[in-house]
Amino acid sequence: MLCCRIVLAIPTHGHGAEFDRCHMYDVNFTEALQNGIREADPSWRVVPCRSGWEYNMTEIPYSSISTEQNWVCEHAALPSMAQSIFFCGAILGGLVFGWIADRFGRIPALVGTNVVGFIGGIATTFCTSFWAFCVTRFLVGMAFDNCFTMMYILVLEYVGPKWRTFVANMSIAIFFTFAASVLPWIAYYVADWKILCYVTSVPLALSIFTPWLVPESARWLVSQGKVDKAIGILRKFEKINKTHVSEDVYKQFRGSCLKVQKEEELDKNYTVLDLFRTPRLRKITLVLITLWMAISLVFDGHVRNVETLGLDVFLTFTIASATEFPADTFLTLVLDVWGRRWLAAGSMIVSGIFSLLATMVPLGVPSASLAIMGRFAINISYNIGLQYAAELLPTVVRAQGVALIHIMGYVSSIVAPFVVYLANVSISLPLFILGILGILGGILALFLPETLDQELPQTLQDGENFGLGQGMWDFPCVK
């Protein structure tokens with residue numbers, strides 16, 4: 001009897017294989033059954049569901065704000081709209097915190113972005129309307145990525161060329177991979193989206209202790225003319241490391257810094273626009289932006305396309321995150337031997353080739369295996385891109401420049417869901433597009449200068465002169 005009522009009450013899609021989730025027949029099916037009607041008449045009037053919805057909790061065994069607010073059917077676009085507003089927050093956050101980092105220091109920007117993320121995350125749990133949710137996600141978006149990149153820049157500015165690759169990649173390999181792999185199982189265990197917001201937001205509040213635990217970037221202090229403060233921090237490191245630095249070294253350092261200050265322009269209020277004022281630095285910046293947009297789109301596209309593996313969402317997320325560890329470990333071993341430029345180009349081209357091959361084999365294990373190899377290769381490109389931009393841009397505008405590059409990455413990431421959606425047109429179309437973008441991005445990377453064993457550019461003039469004398473086909477392994 002229940003089966004008959006469902007058949008009479010709910011229209012079907014296509015050839016009748018699946019029931020409509022958003023509409024029902026405007027008919028008294030109890031009366032229809034009493035009259036002996038056992039099949040629906042397609043000519044019956046169809047209306048939106050009147051009695052709410054029941055949700056399948058098999059794959060994700062807890063509700064979300066989308067299910068609680070019934071953002072389905074005619075409201076199904078609301079979650080995607082909220083995600084777009086989230087990335088708008090990321091764009092504004094990149095501009096604001098990038099400017100703060102270069103104007104007032106790395107530490108104020110680091111604390112600020114984490115505090116904004118904490119406030120937005122906690123406030124999300126109190127949302128009872130769509131627009132309130134959008135406001136809180138906009139705030140979280142402002143902190144998204146910026147809370148990571150500010151610390152990333154700070155660390156890189158303290159590390160010399162010898163250990164730069166190790167610190168930049170193994171920190172991600174260990175901490176990011178572990179946290180990202182554990183996160184879905186924390187979500188599964190707490191089984192409550194509001195509690196999950198607390199779990200992921202409260203740790204951000206610990207950033208308020210950063211000024212007492214983490215020193216300001218000495219490179220940034222020097223770039224702002226605060227040489228004595230920079231030397232004071234270096235003296236603290238001298239004590240912590242139980243070593244001794246000659247006073248002559250500090251005198252030479254102070255003299256060198258003062259010389260650079262005199263050579264620099266009188267106006268110290270640098271902006272990201274300074275990256276576009278000279279021809280060589282402008283070319284480097286534009287190539288970095290375009291390359292990062294390609295990397296971000298291919299990376300995010302592969303993350304979303306992993307769902308075609310047919311695994312549950314928790315396991316899929318873990319597999320996607322776990323590929324970071326071997327990629328970063330591999331980078332740590334070879335990046336200071338093969339260099340950034342050729343490895344970035346090679347990994348992107350390899351990712352593109354594997355993605356294209358995945359479109360030429362049967363669906364299932366063969367296609368999924370090749371797609372995973374493509375994801376592994378783009379992981380390598382992604383982490384090189386993080387380090388590459390920070391190494392190529394001069395200290396005086398590094399934070400703003402990196403923020404601009406990441407902002408353009410957010411823009412391309414917004415496109416990624418639509419690329420993956422093209423699977424509805426052709427199942428192989430998303431991987432085909434990701435493959436072409438990977439190969440083109442790899443070729444583009446060859447137009448950047450190599451940064452292996454080079455000191456980070458300090459001034460705008462350093463950035464303009466960086467890489468002069470390098471050839472297109474220079475390779476660090478071949479002298």
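Heads up, the Cβ atoms here are built off N, Cα and C, so glycines get one too.
Here the structure is a predicted model, which means the values were calculated and not measured.
The following features are taken from TrEMBL:
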DOMAIN    1-453  domain 'Major facilitator superfamily (MFS) profile'
TRANSMEM  81-100  transmembrane segment
TRANSMEM  107-132  transmembrane segment
TRANSMEM  138-159  transmembrane segment
TRANSMEM  166-187  transmembrane segment
TRANSMEM  284-301  transmembrane segment
TRANSMEM  313-335  transmembrane segment
TRANSMEM  342-364  transmembrane segment
TRANSMEM  402-423  transmembrane segment
TRANSMEM  429-448  transmembrane segment
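Sequence-distant contacts of the transmembrane segment (284-301) (same chain, at least 6 residues past either end, Cβ-Cβ under 8 Å): 275-276, 344, 348, 351-352, 355, 378-379, 381-382, 385, 388-389, 392-393, 401, 404-406, 408-413, 415-416, 419-420, 430, 433-434, 437-438, 440-441, 444-445, 447-449, 463, 466-467. The transmembrane segment (429-448) and the transmembrane segment (342-364) are in contact, since at least 3 Cβ pairs between them lie under 8 Å (pairs 6 or more apart in sequence). Panel annotation: around the transmembrane segment (166-187), residues 152, 155-156, 159, 196, 199-200, 313-315, 317-318, 321-322, 324-325, 327-329, 331-332, 335, 383, 386-387 of the same chain, lying at least six beyond its termini, place a Cβ under 8 Å from a Cβ of the stretch. Counting same-chain residues at least six beyond the ends of the transmembrane segment (107-132), those with a Cβ under 8 angstroms from any Cβ of the stretch are 65, 69, 71, 78, 82, 93, 97-98, 100-101, 138-144, 146-147, 150-151, 154, 194, 197-198, 200-202, 204-208, 210-211, 214, 216, 399. The average pLDDT for the domain 'Major facilitator superfamily (MFS) profile' (1-453) in the predicted structure is 82.
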